[in-house]
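Just below is one structure, and these are the notes that go with it.
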Amino acid sequence: MKVLIVRNNYNAKAIDASLMLAAFLGSQGIEVDLRDVGSMSTLSPCGGMAGVEAYGLAVVLGGDGTILRTARAVGTSGVPILGINFGNLGFLANPADEGVVPLVAAALADEAQREERTSLRVDVVCEGDEDEGDVSLVDAGAHSYFALNEAAFTRGALGKIVSCKFSVSGEPVASMRGDGLVVATATGSTAYALSAGGPLVAPSFGGLVVVPIAPHTLRSRAVVIAPNDVVEVDLSDNPEGREVAVFLDGEQAVLETRPMRAIVRKNFEPTVLLRYKHPGFYAHASEVFF
């Protein structure tokens, strides 16, 4: 058994907890790989970081941001993630009240509940890339990313209004101008999509939510789509100087040329989060949002 520990290295309590946990696991003959979240790549391919399959468990000591970055590192490998909250909101994490060592011991003993969460594969086609216009995009010209919460297509550095069109599984849905568009998973429905006016969606739902951001219209609404649907976002109407910025779970994708379109779909393999004595989604949402 090999355990990955990812800590928020800007949080003194998380650092102390990581050292205590590493000592405990070492005493049990378990190999430990301790990493600072600040040293991990911000954006990862869908498969996750190299060699991630070697881990039997990923323990995250931090808040939701640390969990999101760890989820990108784990990718679609299926390695379970046990988040322990040392951040602010910690909606995806377990409270630290039970103690770090007892929580990890429970996870290792298969006493924690597994939650399978839908994640996103996001393919971005930029100006100058090869593009045959195929929604089954797997071309070498595409920039492919993983996200657990959402992909956001928003106003760039100049803050100018942007234009975007989106279709679902080949059927045109809307054309709008505004601050942009969010495509979120059920997990991400409690994050940026919620702030943009989207609905709360139960985490077991396998479909996606498409939410306009501050649209300059009175008719725009969020759309909830089926698990097998594919969202195509057309960004080509934005000229130079009004480029759209692309964010995956709050991290900006660095693109050499302006993005022209994006394909967003669910990954086939879920992200596994571990919960221990968790109150449940609706009770937790009630405490946090109502």
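Cβ from N, Cα, C; glycine included.
Automated prediction, rather than curation, is the source of TrEMBL annotations.
Here is what TrEMBL records for this protein:
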type	residues	note
ACT_SITE	D64	active site, proton acceptor
BINDING	64-65, R69, 149-150, K160, R177, D179, 190-195, A214	NAD(+) binding site
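When the neighbouring Cβ atoms lying within 10 Å are counted for each of the binding-site residues (R177, L194), the highest count belongs to L194. Distance between Cα atoms for T190 (NAD(+) binding site) and D64 (active site, proton acceptor): 11 Å, as a whole number.
A214 (NAD(+) binding site) sits 25 Å from D64 (active site, proton acceptor), taking the C-alpha atoms as the reference points. A coil conformation is recorded for A214 (NAD(+) binding site) in the three-state DSSP classification, outside any helix or strand. All protein chains considered, the CB of T190 (NAD(+) binding site) has 24 other CB atoms within 10 Å.
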